[in-house]
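Taken from TrEMBL, the feature active site, 4-aspartylphosphate intermediate covers Asp143. For Asp143, Thr145, Asp634, Asp638, the entry in TrEMBL reads Mg(2+) binding site. Annotation comment: TrEMBL describes Asp143, Lys144, Thr145, Glu270, Phe311, Lys334, Arg378, Thr458, Gly459, Asp460, Arg608, Lys614, Asn637, Asp638 as ATP binding site. Among the features that TrEMBL reports, domain 'P-type ATPase C-terminal' is placed at 660-903. Under the heading transmembrane segment, TrEMBL lists 21-44, 75-95, 696-715, 721-744, 772-791, 803-823, 835-855, 875-893.
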Amino acid sequence: MLNSAGAQSKRSRLEHKMNREVIVLSLFLLICCFVSGLGMGLWLERHEDQLQNLPYYGKTHRNYYGYNGKLGESIFAFLSSLISFQIMIPISLYISMELVRLGQSYFMIRDVEMYDKETNTRLQCRALNINEDLGQVKFVLSDKTGTLTENKMEFRFASIFGENYESTDDPEETFGSRENELATESTGGVSWKPKAGVKVDPRLVQILKESTSSLQRNMVHDYLLTLAACNTVVPTKIKLTSSGNLEMEVAIAADEEIALVEYQGESPDEQALVAAAASYGYTLVERTSNYIVINVLGQRMTFELLGMHEFDSIRKCMSVIVKCPNGQVKVLVKGADSALLKKISLSEKTTHIAGERQAQVLFDTQMHLDMYSNKGLRTLVVGVRELSDSEFTNWQQLYAKANASVSERATLLQEAAQAVENDLILLGATGIEDKLQDGVPETISTLRNAGIKVWVLTGDKQETAISIGFSCALLTHDMKQIIINASDKQQCHDAIKAAKEAYVQVDNRHRMFRASGRSYDFATELPGGPEKVTELSNASLSRPFSQRMKLDSFRSINSSRADSGRSRHGRLLALIIDGNSLVHALDKDLEQELFDLATACQVVICCRVAPLQKAGIVSLVKRKSKEMTLAIGDGANDVSMIQMADVGVGISGQEGRQAVLASDFALGQFRFLQRLLLIHGHLNYRRLGYMVLYNFYRNAVLVMLLFWYTLYTAFSTSPAITQWSLVLYSVIYTSVPTIAVAIMDRNLSPQTLLKYPGLYKSGQENESYSKLLFWLTMLDTLWQSLVLFYAPYLTFRHSTIDIWSIGSIWIISVVILVNLHLAMDVEHYTWITHLAIWGSIVATYICLIVLDLLTDDDSLVYYGTIFNIAGTANYWLDIFLIIVTALLPRFVLKIVKQKIWPSDVDIAREEEIRKG
């Protein structure tokens, strides 16, 4: 149930940075208010001899507001300024961001290119507050099974007592052919439907047909019996109802009307193994908590289920204890080769098999395991043990004690399991194929071209992981492989240190990791001394912009400008490390060394890792690199990793919905990840980054205008702009265009973003939001506010214009200015964008007219102001002068940057415009 919890609450990195800028704006607000309060006190001090003749101050006039003295008035001015200037704190920005994220999520969900027909699933946005983080991902940490692969298992190889059997590709030799029909009962009452198509080996079929007992025949029997019984698979019957519908319910052996049996299990692996056993005549018919019914070559047998030890990440195996029809008590075990091979007995006394024969079987089985792993298959080892009466009694007592315990049940169950999971007879091994999903190699290649490092964290064998790495284009044959398999902490430390000295040079000043040297397998060899390191020059790490400005060589955008995973000979590095090594490498005293080595490599593959180790690796990358991490998986064992990462992505696969329920985003296929990141992530980050800066500018420019006004009005906080206009400024006048542009705008088409994955680096390099951009925006805001205030002031300073008339000029000017500022930055116009921007200006005029026609006591003072001032030429001249003067510096700098210092995005946009 813990794995079924929803996604953890996360906050985007952009929002964290935005909060930092909000604090800066809050301090600036306090400074402005302090200046107003101090200015009021100094003004009163300087005009103290005139206060008797001033309204609201002197005793001879009606003291309506009351005079509170210089200190009191200063405090009052500070608090009044705080109220008037509070728009500087963009509270509405948080609401606008949520609306924008909701709109962005709608278009992400509606993207038909991320719809999976096979599972009938769309993208799910389960966390609406980290959309923009998708545009800054630097590390993708992926599970293998069910994430890169289909998790549709097909039984391909069986190693039984030293002999290798494999599925035939001959359709005549598949189960169901007249010659090999072993599983169907003689009465014809039962047929079966495996989860995946199973093909049989004629040699193994022939052994099963032998009537005489032999050692090989007995080993095959125990092997197939273990596949059929050592699992949690439940057989279900499927029948056609009278209404024509298919119904499914748990199969019962006594039911003679079973037309079809299908297996339902916790994992596709178990279903494939049970289906394989059924294909050779060992059909699981019924399972209860007390017994198991198996149809063995047409003869129905009932095995009493005495106990079960389920798989866990410590033992890495599963076992069942059954009482056979002949009275024998057997322990049937299957599990990972790294754990189970250590429990094999070679003693003739315990196994009643010649020690030399057992040693040969062990050697042959290991050879077969290596062969299966090199083919990229998933492997399991199968073993059996016959318990004596005393051994069974001892185990039964331990098992009963563990089940009765409340606080230490897990520990006691492990002790009970260890009491019988030893001195096993090695039956053989299995090889199951799990095919890659469509588009996985292309997706990984695209992500790497986008500057994203892809790490694979899997529980499979090292050879299997390497084979899959080559299949999915994660590994290439020109890569230098650094392999670390350490059994203790000292060996792990020596291996990592030697690899780091041979391949990585750390620049402590800039924390840049550079690769050099040659490849070693650190499981068997440690270099005596590091090879001389030749530093990569800065010129080789980054290409100058001048070489990328020509559109003819535009494809250079795809090349990495700072590839820290290359050796001095230009070859990439790949780190392959197993779970045993990670147990020691993730300790505090070794984790920095591991991080330096891993980040110096372009590819990292961690094999035989436990779920908590996956989370530990993600945590290490987050803490040490400060880069954005994305974890993607499909099963319950990936939940901790998904929740630990900055962005968690779940795959709707074959292993339930635990990963989806714990994720921030859910996909149907791994290949959709490139569209999620390169298109939606890039656009979402750019839109929200611009939106935050624009909101800071939009609010600050009005506050600065009001502040300049107080300097000329004896620091009075009574603004020339009506209170209604100040309220509507962030509600109607300027809010809708901000939201519309943040949802609809795009700088490049999806086709261009996919064609040139290197454009994604703009998000990794914070091109849309940074401290520099914030301060440049504030500098531009300062200039525009000065133009806004002084243009009408200089125009009307010698006239008899009232404050409400000049306030009308200011409010309409600032609305038009900020909307044109936004319009100048829009890169993809739609009719919604046009309607939002120009409609807001029209709506502002309508609101001003309506407000100026109000005749209540508070509004009567500015009755008809807009009609009077709009009839003069200076009104329209001032608006035109303000817009041109305020926006001219920004316009010039924008043109100069695009022509002289263009970014990759600018180059791509120019090419897109040129091609139409």
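Cβ atoms are placed via backbone N, Cα and C, with glycine included.
The number of other Cβ atoms within 10 Å of the Cβ belonging to Asp143 (active site, 4-aspartylphosphate intermediate), over all protein chains shown, comes to 28. Touching of the transmembrane segment (835-855) and the transmembrane segment (721-744) is concluded from the presence of at least three CB pairs under 8 A, sequence neighbours closer than 6 excluded. Asn637 (ATP binding site) is surrounded by 22 other CB atoms, counting those within 10 A of its CB over all protein chains shown. Long-range Cβ contacts of the transmembrane segment (772-791) within its own chain (Cβ-Cβ under 8 Å, at least 6 residues beyond either end) map to 21, 24, 693, 696-697, 700-701, 704-705, 708-709, 810, 813-814, 817, 821, 878, 881-882, 885-887, 889-890. Of the recorded ranges 21-44, 721-744, 803-823, the transmembrane segment (696-715) has the largest number of C-beta contacts under 8 angstroms with 21-44. Between Gly459 (ATP binding site) and Asp638 (Mg(2+) binding site), the C-alpha separation comes to 11 Å.
Straight-line distance linking the Cα atoms of Arg378 (ATP binding site) and Asp634 (Mg(2+) binding site), rounded to a whole number, equals 17 Å. Note: the Cα of the residue listed as 'active site, 4-aspartylphosphate intermediate' and the Cα of Arg608 (ATP binding site) are spaced 12 Å from each other.
All chains included, 24 other C-beta atoms sit within 10 angstroms of the C-beta of Gly459 (ATP binding site). All protein chains included, Phe311 (ATP binding site) registers 18 other Cβ atoms within 10 Å of its own Cβ. Cα of Asp638 (Mg(2+) binding site) to Cα of Arg608 (ATP binding site): a distance of 14 Å.
All protein chains considered, the CB of Arg378 (ATP binding site) has 25 other CB atoms within 10 Å. Residue pair Arg608 (ATP binding site) / Thr145 (Mg(2+) binding site) shows a Cα separation of 12 Å. Over all protein chains present, the Cβ of Arg608 (ATP binding site) has 23 other Cβ atoms lying within 10 Å. Note: the Cα of Asn637 (ATP binding site) and the Cα of Thr145 (Mg(2+) binding site) are spaced 11 Å from each other.
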